[in-house]
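Structure first, commentary second.
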């Protein structure tokens, strides 16, 4: 999609400034600005054939075969009939063209869909519904709530007060909170008065189209006045209007010039490392081919000089052909004959295998998520085998590792722990979906989604246990959550952090319903009784205090301070009388933390009126003072938050997705390094790191990079490095052995420094020595940078997995991008190569599908090269016995059909069905994954071995028949040493040999495989006998000259004895070598396969699914907000005056003043429409026959 | 060796969502089908190389191959073969003069006689071959220089031979029949065999010239043009190949062996795979069960020397051979079978030793992790 934009930009390179006038198409016309239509399709019906063929022949392989075809037409050179090349070539061209056509059709369709959307445009002083593509720069358009923004607009006016509009930018940057845009007052006054708007003739001068999402500069000139324009007044295409009745906007950029489209950037073409290796190999093969041809041409030259010149009696030369010229022709003739070293069917087969393996991913029921009915999807069909070579996994946190749901799981109240379920014997039960949840029906205001399993807690509430009541009362009062009650009894909470929401919801369900708040009061329903607490002060949270408190006056007039906070902080401020309770609670909290829960300690303090009035007075003074207000406030808070009475502790679970710790453990066993790159803050990320088993207590050390300057960071890196490995040089980056396990946590602001050139090596070295790396507060751009850093220096295959638009950049940067599907945003999925619903499916994708795909692809390539080299080399040996005349050893039909018919299906069958061990064993032994990372199955070395093996086989295949046939006659004395019989014998030997070899390679014989193998042999004989039959010969004597050969030679015992001898001799060394290797240095595969065999029919023992328990230090879950809380806002009541919008995320932008887009850089790639249909648009490139592209290397 | 790894049923991991089995009108679930094919658990046979299979296989192959090899070797050795090189390359040779004086246009054939002695009688049918060496019948330009349509009796191809036949396609204005370099270079020495009995009189050994070509060649591949028996008319308007002395329709007086279906011609047209080859020339039929076909004694081979091979260092041979069930004399297969069988056996022993020595290491218990 980028190319269009790029083209445009190139066309009018010199647009330095954009100038346009509202409502004046005549004025804007001469500038030739792009209209709002987009075009991502490539062809139309007329241009399709020539353009597509042109493109296809740009691929080196196709061009090569075309070239061969041309050579074959020249009679002097033609050593093979033209059909040997034409048949496969036409086949390939047709398939590719069909694929391209469907892709383009889809693009046309999605273009049309987008272009034909309707929008109200002000034309001729009237609002008319127009198609999107007809919208032009300078038009004024009207948008309504929940509509997509049509083009890049200058906001003119809106229905909301102060000319505000709310937009959701999820499609642009993945942030789901609403953002606010505000129009200029001068344009805002236009309102929705069509007349006034039609009269509006402001002129805009602004920057030319670019892809910066966060910046805009321009000026509006209206009625002689100049007004500056910035990003705050711009609505970008791709956003959605929310909570806003309507708005009017002036189109600034249309279609391809919008920032969205400009950002859609290159979707880089991903190739697998096997592809790259194959490119190199194919080049080598071409070189080798040329080398062989040169040798044979020289041979021909010598032969012509020596023997040929004397042999002219019987074989005259064409007039004037000297030996040199003959050698030249022979060179090309041999190029044709030996072209089978790189047959076109290789590329076709590779694509078919990848496609097949992609289908397996789509079909896998174990990667299907029933909850949102999402199967896994291989969106790119060309990367499968790379899945078996992953070394680094980069994962997002929120939505990927975690569900982004906080649940109130456990608590400890007054020394009693709640939340676990025990059976009658007192044994603790695991909570499953079948465990009875607590019935909250006694409470009409309860949130039905809240689930709790321990009935004891409800009993305690119902028994009016005072501590339990106080506990929940605290939770209901001490927070900054906003409540919204659209209908009576239907409460919804807007919390700044999900932790708080979870706590307040818990209180709500246990009968302490937070109902509403005003700046100075909080209304809660306590066990069905409405009570209003006077809110006297909020002692807000910040990162230093790590606690928040409220001071309230109960309806009875009692003053009380409620405090919740990190346990260590709260414990310091407890009254001595809580000593015993503290010990018990500490024990409980340790237990909670051990399960990966985030804990908070709760405490209260009764205040006496007098003290409080005095404190309040001082508080007032301090908060109005000017110097060092914060510090003095802290002191003041410190003073009142003392002598607290401990109530208990809460444990909140940041719900991991199912199976995340197990998955990470499995990946670790497979030596895959998992790096978590999250936008979340350090504490949260660290906590998740522990709870999903990434960071472990047993680790020798977890380093934290949090320096604020390059020097700090460098020092921290050096320290970490030196404690892992005392000395070393820092130029090469192999995987270094480290004694012990380490973890690394990098803070966002520090990450900026290591990503700079000077320090990246140090950083990478340190990071790669650690078992686990967590980067926090990372921007999307940094995510991509980290991925690229690893790719660049480690030469390792990377995988990025994420769910949001902020992960798009890293998904695109990594070799493999995986999107978590089934959630709201689709951006990640749209730019991903694979998508599924749950993180845990990753282990299946890699350890099963990836491993198998890699195994199959490698087996395929090894075998394919073997069979074709063997096939081809026989010609080479034969050359020495036929005067280097480019005479083929085999029948031409055999040459044509060898790759297409006789050997195609068996090898495809192997590459589609083969598995060394089944999926369960693959999970059981994740170390089976290691060979893939080390490129063991197919490398240059393996390729070289294949070539040597082929060389041996071809020698056997030529010289055994040679010796056996030499001067031999049939059992009736007639001739059988003729060329045709020899050809038949050799090709039959060859076919048997490669088939047996395939049998040795294949480790999984399904019925289909057997059918293919046996069927191909049967097919060979059927076809051979047919083509050598009288009927075929009589119909076309010159095409089927081998008449009778099969009948006359295959009935000879010595022919079959030769075939047997040749096959055995070819296989013998292979079996011996393999057996020796299995005996002497078995690979992991051999061992596991043997183990499987020993276990016979038994399934492997299921992997331990025991809960991972740790004895660990507590980590406070005070993950309230990133910044200072907004207690001030609550008390000031500023944002309470505005009626809460239907999706009241207004909160977020009132609280956080981040109304600008965060910098996204090149990451913002997603569909212009945001609908899944457009998925195709981006990956069509990738799904087409990639092999061709990969050969289209500039180096060629 | 055959570990079956078929798991017919497998737990599916997840509880089927309520939406999956709704009644009509419910959106069809996207849950993939649970077929063995799609879930990649087709029943399969998983052979692996183990000592239990490899070692017996080696021994069995060895045990099978060695007897076969011995059988083949003995059979081959029992075949009697006698070969005469009559090229006349050395001045002492009988045919030296003929080979030296050869000219294409000579009208008087040069005849030379080579006497030889068979020390052993040849039982049963004896086959007489001519052998050529250093003759590149498998050269690409040579091999393709023929027109199978013409040889199959196609009348249009007869008058308009394929371009492949160049430069032996036309002679003057007339098309050559049979065209092409192969036909042109037809072997045209005449070999006759005489038995010198104890009296010194020479008796001609009867040579059968029919039944030397493949049945398919004689009856399918090669056919004379035109329906009528008169080949002279059928070949009217064509020219004889340049090197030939007689046109194709005068090859033999027997109409069943004349024209394109002349068996000497057919045998020649079946081009050899290698530059050294032998072709069946005549058959000496066994006369009766009591007397050998060729008794031991003195013989004379009379050669009408027409075929020049000296120019390219070629060799001409006459071979007399009996045959067996495995064809002519060729000890290679027997030796190869014995060798391969022995190697297998030897490897079997070596591998057995290795297996016993290292068997413990093969224990799967040492899988790391």
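Cβ from N, Cα, C; glycine included.
What TrEMBL says about this protein:
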type: DOMAIN; residues: A:21-86; note: domain 'P-type ATPase N-terminal'
type: TRANSMEM; residues: A:80-98; note: transmembrane segment
type: TRANSMEM; residues: A:280-305; note: transmembrane segment
type: TRANSMEM; residues: A:325-348; note: transmembrane segment
type: BINDING; residues: A:396, A:398, A:803, A:807; note: Mg(2+) binding site
type: DOMAIN; residues: A:829-1082; note: domain 'P-type ATPase C-terminal'
type: TRANSMEM; residues: A:860-881; note: transmembrane segment
type: TRANSMEM; residues: A:893-913; note: transmembrane segment
type: TRANSMEM; residues: A:942-962; note: transmembrane segment
type: TRANSMEM; residues: A:982-1000; note: transmembrane segment
type: TRANSMEM; residues: A:1012-1035; note: transmembrane segment
type: TRANSMEM; residues: A:1055-1077; note: transmembrane segment
type: REGION; residues: A:1138-1177; note: region 'Disordered'
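For the transmembrane segment (A:325-348), the partner stretch with the most Cβ pairs below 8 Å, chosen from A:860-881, A:893-913, A:942-962, A:982-1000, is A:860-881. Ranked by Cβ neighbours within 10 A across all protein chains shown, the binding-site residues A:396, A:803, A:807 are led by A:807. In the three-state DSSP assignment, the secondary structure recorded for residue A:807 (Mg(2+) binding site) is helix.
Across the domain 'P-type ATPase N-terminal' (A:21-86), DSSP assigns 36 helix, 1 strand, 29 coil.
Around residue A:398 (Mg(2+) binding site), the same-chain residues six or more apart in sequence whose CB sits under 8 Å from its CB are A:404, A:678, A:679, A:680, A:803, A:804, listed in sequence order. Secondary structure at residue A:396 (Mg(2+) binding site), taken from DSSP and collapsed to helix, strand or coil, is coil. In this chain, the transmembrane segment (A:860-881) lies apart from the transmembrane segment (A:80-98): fewer than three C-beta pairs between them fall below 8 angstroms, excluding pairs fewer than 6 positions apart. Summed and averaged per residue, pLDDT over the domain 'P-type ATPase N-terminal' (A:21-86) gives 82. Note on the transmembrane segment (A:893-913): residues 80-81, 83-84, 87-88, 340, 343, 345, 349, 352-353, 356-357, 856-857, 859-860, 863-864, 867-868, 871, 983, 987, 991, 994-995, 998, 1001-1002, 1004, 1006, 1008-1009, 1012-1013, 1015-1016, 1019-1020, 1023-1024, 1027, 1040, 1042 of its chain, located 6 or more positions outside it, place their CB under 8 angstroms from a CB of the stretch.
Remote same-chain partners of the transmembrane segment (A:1012-1035), defined as residues 6 or more beyond its termini with a Cβ less than 8 Å from a stretch Cβ, comprise 891, 893-894, 897, 901-903, 905-906, 908-909, 984, 988, 991-992, 995, 998-999, 1041-1047.
Using the Cβ center of A:396, A:398, A:803, A:807 for Mg(2+), the list of other same-chain residues with Cβ within 8 Å runs, in sequence order, A:395, A:397, A:399, A:400, A:678, A:801, A:802, A:804, A:806, A:820, A:828.
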